[in-house]
Amino acid sequence: MTASALQAERHLLLLGSGRHRPLLRMLPPRPRVPLPHRRRSWPRAVRVSPGDGGGAGGFASAVEKRSIPGIVGEEEHGATGEEELEGEVAGALELKWPPWEGLAERYKLIGATSLAFVICNMDKVNLSIAIIPMSHQYGWNSSTAGLVQSSFFWGYALSQLPGGWLAKLFGGRKVLEVGVVTWSLATAIVPVVAGFMPGLVLSRILVGIGEGVSPSAATDLIARSIPLQERSRAVAVVFGGLSFGSVLGCLGFESLKVQRFGDKEGILNLGQSSTGSDGLISSAMSSESSHSSLEDLQNSLKDVPWGAFFKSKAVWAMIYAHFCGSWGHYTCLSWLPTFFSEELNLNLTEAAWVSVLPPLGSMIITSIAAPFADNLISNGVDTTKVRKICQTIAFVSPATFMMLSSVDLGLPPWEIVAFLTSGLALSSFALSGLYCTHQDISREYASILLGITNTVGAVPGIVGIALTGFLLDSTHSWSISLFVPSIFFYLTGTAVWLAFASSEPQDFSKSEPES
């Protein structure tokens, strides 16, 4: 027998003795290389070296382990292969932090702006709840309580147009930063001056100024960074932060101090972003704002085509629709907790929690309305038609449920709560209707257009809230003071919107490129 044949025979081992003996295929012998001690965590193969014969003891003495070829490589590279594989597994299991790392810039923008709006609306809801015990403590009647709540909207109305103009000039990111800092500081002093009426009113005005510039800033960011097919969802997420803030409003002001929007490397770093695969973000929005002089500011104000705005029927439709929607929203936001407490005989805790239901319902409806609108547009439905459908739902729904709530049908309190919650929740369709139209008709002037319509939309916060309190003292009727005016404006707003609203891009100035 040749030497090669003998060599092959030496690598066959018969296990057992005297009975059926299965054959074990053996690997060719290789020289052993000393390896450093390490934890073995991968499958091993059996290698039998030539040695003593066929008993169990001989098997035990002759068996050694080595890595399976093809899994971790040759013996000489076993350590390196194992370390690399273990590193890959550890990397795969390691949590990604921060979680928004790698997200497209426009998604970071939407998330951070929505967070700002969450904080914004927490303040409004806090006071609408706190006004009940404050009225008892300081002996305020409904007219005085309405005056305190409406003072917020004085500052809110005054800051709309300046906020829109500054957002166009400096970029929405910087304006939003200033707004957050202003309303946070003003809110922090409210508990200190609560018993001093002039101080309380002044602090509320400052809060209104800080919050008033934020919608225009957000509109500017969305108009310049979000495509038409995603616009309804972007507006819904950003302005939906108002509803979420209402839900969190009972938790107090603790979250305000931990929010920081001033970091140059922060999430809202839109102005310094370059246009890449998500190249919808305009880098020009901050390039013109770094070294603007007073003369530049004056020239930029003159360049705004104010006359062209007010010649547009679509702009007037947005103005009136914004006024009508704000009347119902602001009066209900301010007075529903009192209505639940006094008319439905709920205690303060129950009134507070019931007041959370409308914004909670709004969050649910928003998550349905926004994809609904964007899908219609993506499938070729005319944008104007989509905006009209959504806004009609937003107006007719609360009007219908307020009619049912204002008529004495002998309904139990919780059915009235359900009606009002449903109606106000469905009004969130406006985020896919009116609130998208500013960006639809002009990306360049979207922030200024929202400043115009929101200025008029802030008037119900000043007049409507105070008038509701006055009517309540005069008539002692919640139907007349709260529901009837809202129903009127919802229905007339629907008629004007259907007749004149449009989402067709409009060339307000020759320099504006519209696609």
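Just so it is clear, glycine is given a Cβ too, placed from its N, Cα and C backbone atoms.
The shown structure was predicted, so the numbers you read here are calculated from the model rather than taken from an experiment.
As given in TrEMBL:
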type	residues	note
DOMAIN	109-504	domain 'Major facilitator superfamily (MFS) profile'
TRANSMEM	175-197	transmembrane segment
TRANSMEM	234-253	transmembrane segment
TRANSMEM	315-336	transmembrane segment
TRANSMEM	356-377	transmembrane segment
TRANSMEM	389-410	transmembrane segment
TRANSMEM	416-436	transmembrane segment
TRANSMEM	448-472	transmembrane segment
TRANSMEM	478-500	transmembrane segment
Recorded stretch, among 175-197, 389-410, 416-436, 448-472, maximising Cβ pairs under 8 Å relative to the transmembrane segment (356-377): 416-436
For the transmembrane segment (389-410), sequence-distant contacts whose Cβ falls under 8 Å of one of its Cβ atoms, 6 or more beyond its ends: 232, 321, 324-325, 328, 369, 372-373, 416, 419-420, 422-424, 426-430, 432-434, 478-479, 483-484, 486-487, 490-491, 493-494, 497-498, 501
Per-region confidence, the domain 'Major facilitator superfamily (MFS) profile' (109-504) (mean pLDDT, whole number): 83
